[in-house]
Amino acid sequence: MLVRSQHSPFKQMAQMSHHMLPVLVAAVLSITAAASAASSHSHPHPLDPLTPDEITAVRAAVLASPRVPARPLTFHYVGLDEPDKPDVLAYAYGGSGSSSRPLLPRRALVIARAGGQSHELRVSVASNGTSAAVLSHAVHSGAGFPVLTLEEQFAAVALPQAYPPFVESVRRRGVDMDDVLCAVFPVGWFGGRAGTTAKRVAKMLCFVAGPTANFYARPIEGITMVVDLDAMAIVGYRDRVTYPVPKAEGTDYRAGKTGPPLAPGVAVQPEGRGFHIDGHVVRWANWEFHVGFDMRAGTVISLASVHDHDADAGTRRRVLYRGFVSEIFVPYMDPVEEWYYRTFLDAGEYGLGLWAFPLQPGADCPANAAYLDGSYAGQDGKPVGGENRICVFERYAGDVAWRHTEAGFPDRLITEVRPDVTLVVRMVVSPGNYDYILDWEFKTSGSIKFVVSLTGLLEVKGTSYTHADEITVDAHGSLVSENTIAVYHDHYVTYHLDLDIDGTNNSFVKNIITAKRNTGDPATGGAGTPRRSYWTVRREVAETEADGQADVNAAPADLLLVNPGKKTRMGNEVGYRLIPSGATAASVLADDDYPQRRASYTKKQVWVTPYSKSEKWASGLFADQSTGADSLTAWSRRNRGIRDQDIVLWYTLGLHHIPYQEDFPVMPTLSGGFELRPSNFFERNPILKIGRPPIRSSASGNCSCDAR
């Protein structure tokens, strides 16, 4: 997907020399190297993301280490190598005050390229964050390559401007070269060489901007370029077919190019925000959790616990140890040469955190939002500070948390209502044409809702068709405008959720709804009544990983994670259940198709695995050109035990996208999600302990209604 600037013309950017790219990236992203909020603390939280000072120290240690002598050395991932889980749990829930907690070691995981090899290094960081030392080093020998850097994508898209065959192809199409923009697309894997013998290549496609900002709507169809990213040279070119470039008219989405705006609305909190942020720790209502940032995963939520008002004073009950988006798989459904390889792994190939741009106050997030920054390492290893990458806000949507009106008393009417106020943690990721709004929504009921909202621009194909009646064969998409086919595709967003329901030892339970006939025999649950059928629940406890897989569309069932060692006063195991809420599609690609082999976990929405610190990324640590040998599916083939163990829930939200004309030129937001909801976790409804807020009059001086 395209690397583009919010402040400078892309054309000027592409013409800059390669040695200026690190400077360019800093300018493009409006970055600063200011220290993050966490760096102001003498003892950072063990799960705080690396600070700019720590990133600087890690860079220096890697460059000074004799373990990787080859140059140039480029940094593709620098992230927190979090302490061992038992140590973090002891730190967070050990009961001692923050001043007496042990200072856990700070370490970084670095993935770098040098000498044509991918290197994994673990680096220890001093407690003051100003020095570091390399602890271990390994050369990756399997299939796959690390996340693409922004800088190498900038360098690659500058190449076509001076490549004579491409210049000639553009001229023959009657396109002005000054209007051409290009983008880098991973090639996927389709058999052939893998591992150390494979070339680190990508493909480049080009578009025409002209008078519109929506250049994705104007592809130069039929041209494919291959670029060697290590050599930074075009090594393959083909101009296969020529189609008209779609027109620019009616494709722009910018303000001033569209209709009049709606009347503004503002969220007002007269008594201030109801949440508090201390470094990266957020406290709100009955919730406390840690918010982190990772250049691959984006937002990371850790140590989410809920205060139980019916338990001992101050009791924090554990719900989630660590959760994040592990992968976003987007395969397109056109098998022709220019499209067959478009099977993106957005987290593993591009990095979600790298493509999280500054949130727009009052638009992306309401006026009552607070913001968190996200720092990461650039290709040269120097810190890049990202402002306003995550927002936190209270949502007042007019929904009801619970209510009841009782009309059974002959002399009075009783109505009790509690408004549903929730806390949202939001990031928006824009890896090219699509925008993903990723929300974590915490509710006073103890639930956590996960909402993925898709918007942005369709990826379209140039065609000779100008009317649907002309299409006589499978066009692999929908005609949304003249000469414009929006190609069919899927979106699969996979979450890694290390749930610790009241402790680390949990089990996965399927409460399967089973239809029964009323036989009249009380011994089998029947009764001597005219009722002929009913349903009941068959409880299945997963023993192994094979049992822990589920297709949520296959049969009606409640899917739960329970703690068999903790029970309510009524004797029920405490737990949380998974509730899908739309977007439950599973992949329909053939099992032997190469994209499906890389992302075979998308055949089912639910997987449960035993906890392993190294098993974070559903598509593997090295996702670019991966083969599926290091993936969620591959790990699960070991069929390890998961009953009464420290287990991880993987949930994939899926959507088959058949585009329609209303999705063009910019797509209205489409949302899907799921919820983790307490199930016998509390003794009763926890919202009963939360008081009713004061009722304020809705009358205002600007009401235009007739008050009759």
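In case you wondered, yes, glycine gets a Cβ from its N, Cα and C as well.
There are 26 other Cβ atoms within 10 Å of the Cβ belonging to Asp346 (active site, proton acceptor). The annotation active site, proton acceptor is assigned in TrEMBL to Asp346.
The Cβ of Tyr434 (active site, schiff-base intermediate with substrate) lies under 8 Å from the Cβ of Val330, Leu454, Thr455, Gly456, Leu457, Glu459, His491, each of these being in the same chain and 6 or more residues away along the sequence. Positions annotated as active site, schiff-base intermediate with substrate by TrEMBL: Tyr434.
For 45-126, the entry in TrEMBL reads domain 'Copper amine oxidase N2-terminal'.
Annotation comment: TrEMBL describes 146-246 as domain 'Copper amine oxidase N3-terminal'.
Sequence annotations record features per position, and here TrEMBL assigns domain 'Copper amine oxidase catalytic' to 268-687.
The 2',4',5'-topaquinone annotation in TrEMBL covers Tyr434.
Sequence annotations record features per position, and here TrEMBL assigns signal peptide to 1-37.
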Report task. Summarise the model's confidence over the domain 'Copper amine oxidase N2-terminal' (45-126) as a mean pLDDT value. Result -> 94
Query raised in the report: What are the helix, strand and coil residue counts for the domain 'Copper amine oxidase N2-terminal' (45-126) according to DSSP?
Result: 25 helix, 26 strand, 31 coil
**Report entry** For the domain 'Copper amine oxidase N3-terminal' (146-246), residues assigned helix / strand / coil by DSSP
**Finding:** 29 helix, 29 strand, 43 coil
